[in-house]
Amino acid sequence: MASSEQAEQPNQPSSPPGSENVVPREPLIATAVKFLQNSRVRQSPLATRRAFLKKKGLTDEEIDLAFQQSGTAADEPSPLGPATPVVPVQPPHLTPQPYSPRGSRWRDYGALAIIMAGIAFGFHQLYKRYLLPLILGGREDRKQLERMAASLSELSGTVAQTVTQVQTTLASVQELLRQQQQKVQELAHELATAKATTSTNWILESQNINELKSEINSLKGLLLNRRQFPPSPSAPKIPSWQIPVKSSSPSSPAAVNHHSSSDISPVSNESTSSSPGKDSHSPEGSTATYHLLGPQEEGEGVLDVKGQVRMEVQGEEEKREDKEDEDDEDDDVSHVDEEDVLGVQREDRRGGDGQINEQVEKLRRPEGASNETERD
């Protein structure tokens, strides 16, 4: 018990020497009282108890108070022999014995059963893996061979089917490739032909355009030449009173009308306007020439008159064309309508034929007058 009490006292602070006048500490005194009241401590001598308490840091006053409160100051053990210092006895150390429950036997039995079961399972596996194949090896081999043969036959059938399917798919793919190649070749041929046709069409169009440009340029040149250069001078005109006319031929007016309407081009009115005055001034000279000229000379005179009339008509046509060209300067030459031009030419020709008829009628009048003078 002294050792236990000593273990309880290590936390108590030790008082420094020379601190006797310090106020007694109640908790230390209380612990000292408990220590002194212990039965084993009470059997020890008083000096040893005091020395132990001083070692724990208690002063003499605190020790006296502890003895008074514990009531052990008068206790004095009976001396049995020589005084020997009392040493606190420690209890002997006992070794712990293993705990043996009552069901240990059942555990032993269970472990034995588990071991036996493992051994039996091992023997069973050895028998199943090694002994049975030796005993029943022929049967198993036959069954395995039969199974392998069946699986091989199934595999061969499936392989044959897959091969046929692959062959059919390859044939279809080859056919599709051939068709695609044909289509590609056709498209390439069509493209080549289209390129060739487009190139030829482009060349032809360019040629046509060039021709049209050249024609337009030529027309422009002609128009400019007509405007720049003066018209060609006409042949000298013969007055109508000098033209020989046969008096005895009654069919001459009809012949003249026939030639004027069919062979003679449009004529002008210049020769006709000058011929009547001259005929009126010299009717006798005209009659004299009629009697002097022969039939051949009369025919030549008529032809000369026709040529003069044609020249005059051509001059008037050129003047009219110049006027029309001046009116059409702002119009594009390429957009001229051919039908309008033909209509204008026809109208000009009709007007020229009417002028020729008028000239012929005017030429007939002196012939009739001369015939009347001859008859008189």
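Positions of Cβ are set from backbone N, Cα and C atoms, glycine also.
Since we're looking at a predicted model, the values are computed, not measured.
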Annotation phosphoserine in Swiss-Prot: match it to one of SER271, SER334, SER370, please.
SER334
Mean pLDDT, the topological domain 'Cytoplasmic' (128-376)?
67
Would you count the other C-beta atoms found within 10 angstroms of the C-beta of LYS34 (N6-acetyllysine) for me?
14
